[in-house]
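Undergrad: These came from Swiss-Prot, pasted as-is:
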{"type": "ACT_SITE", "residues": "His5", "note": "active site"}
{"type": "BINDING", "residues": "Glu25, Asp27, Asp85", "note": "Mg(2+) binding site"}
{"type": "ACT_SITE", "residues": "His41", "note": "active site, nucleophile"}
{"type": "DISULFID", "residues": "Cys45-Cys51", "note": "disulfide bond"}
{"type": "DISULFID", "residues": "Cys47-Cys190", "note": "disulfide bond"}
Amino acid sequence: WIMGHMVNAIEQVDEFLNLGANAIEFDIDFGKDGIAQITHHGIPCDCGRKCTKKAIFTEYLDNIRQVTTPDDPKFREQLVLLALDLKPQRISSAKAYRAGEDVAKKLLDHYWQRGNSRARAYILLNIPLVEDYEFIRAFKDTLRNEGYESYNDKVGINFTGNEDLDKIRDVLEILGILKQVWQADGITSCFARGTERLKEALEKRDTPGYNYINKVYAWTLVRKSIMRRSLRLGVDGVMSNNPDRVIKVLKEKEFADKFRLATYNDNPWERFRG
């Protein structure tokens with residue numbers, strides 16, 4: 001999976017897909033009341049990027065629904081995964097549950113259209129810190145209460161704050177989540193990061209009987225040397241400001257026979273058995 005990073009304006013969707021991404025990440029900013037308002041990162045962000053691009057969240061969902069719906073004029077077959085980078089740290093912890101309810105309802109109304117949409121992308125909920133786990137509980141409660149629990153099959157969970165992996169596992173156990181879990185490891189492209197935690201996540205992913213990590217990806221990679229390093233370690237995905245660079249690296253002799261771009265036929269919740 002090549003995840004285009006910080007794709008917060010509607011016009012950026014095609015831009016990143018044209019560069020080779022088959023997944024996009026966008027930031028969800030909340031009001032103080034826990035209502036998801038806009039796709040927006042804000043300052044600071046990655047080096048060399050404009051941090052202020054944004055869209056109304058519901059309008060963004062309406063557009064991305066078309067982009068991921070077969071036979072729609074806007075359909076782009078390659079886009080198979082949407083990573084919602086949630087920003088609940090900008091609201092009080094007491095509002096995390098309200099935020100989870102709101103995002104679930106907005107996806108139901110504007111993306112899935114309560115069963116009337118054929119939009120097919122998988123959804124990855126990126127949660128910054130384990131302390132925000134009530135967001136996940138609320139999201140799942142809302143799907144169940146609204147009568148659309150089946151959409152859980154399309155939704156995965158990912159904690160992005162580089163916290164202790166055992167601590168993350170403990171929270172997933174509390175929530176009763178034993179599958180459909182991704183694990184991110186990374187840092188803004190402005191800084192270098194070692195591989196110790198990334199290697200630990202990959203080791204856990206590959207441990208028989210360990211149910212709390214199905215996929216591992218590294219972020220935010222802009223240098224080809226770091227992309228190569230991550231691929232050699234065996235990551236499932238790369239988040240980048242430059243998907244075209246990832247494409248070029250994947251075509252290199254060392255990687256061409258080992259990796260390929262994921263398609264809709266590849267289940268993002270299953271471990272790859274090479």
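Even glycines carry a Cβ here, placed using N, Cα and C.
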Undergrad: Measuring Cα to Cα, how many Å separate Cys47 (disulfide bond) from the residue listed as 'active site, nucleophile'?
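TA: That separation, Cα to Cα, works out to 13 Å.
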Undergrad: Would you list the other residues of this chain near Mg(2+) - those whose C-beta lies within 8 angstroms of the C-beta centroid of Glu25, Asp27, Asp85 - in sequence order?
TA: His5, Met6, Val7, Asn8, Phe26, Ile28, Thr39, His41, Ala83, Leu84, Leu86, Asn126
Undergrad: Which of the three DSSP-derived classes (helix, strand, coil) applies to Asp27 (Mg(2+) binding site)?
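TA: Where Asp27 (Mg(2+) binding site) sits, the three-state DSSP reduction gives strand.
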Undergrad: Please name which of the recorded positions listed here, His5, Cys45, Cys190, is nearest in space to Asp27 (Mg(2+) binding site), Cα against Cα.
TA: His5
Undergrad: A 10 Å Cβ contact count, applied to the active-site residues His5, His41: which residue has the minimum?
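TA: Output over active-site residues His5, His41: least Cβ neighbours within 10 Å is His41.
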Undergrad: Looking at the recorded positions Glu25, His41, Asp85, which has the shortest Cα distance to Cys190 (disulfide bond)?
TA: His41
Undergrad: Quick one: of the recorded positions His5, Glu25, Asp85, which has its CA closest to the CA of Cys45 (disulfide bond)?
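TA: Of all the candidates listed, His5 is nearest in space.
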Undergrad: If you measure from the Cα of His5 (active site), which of the recorded positions Glu25, His41, Cys51, Asp85 is the nearest?
TA: Glu25
Undergrad: Which of the three DSSP states, helix, strand or coil, fits Asp85 (Mg(2+) binding site)?
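TA: For Asp85 (Mg(2+) binding site) - judged by DSSP and reduced to three states - the answer is strand.
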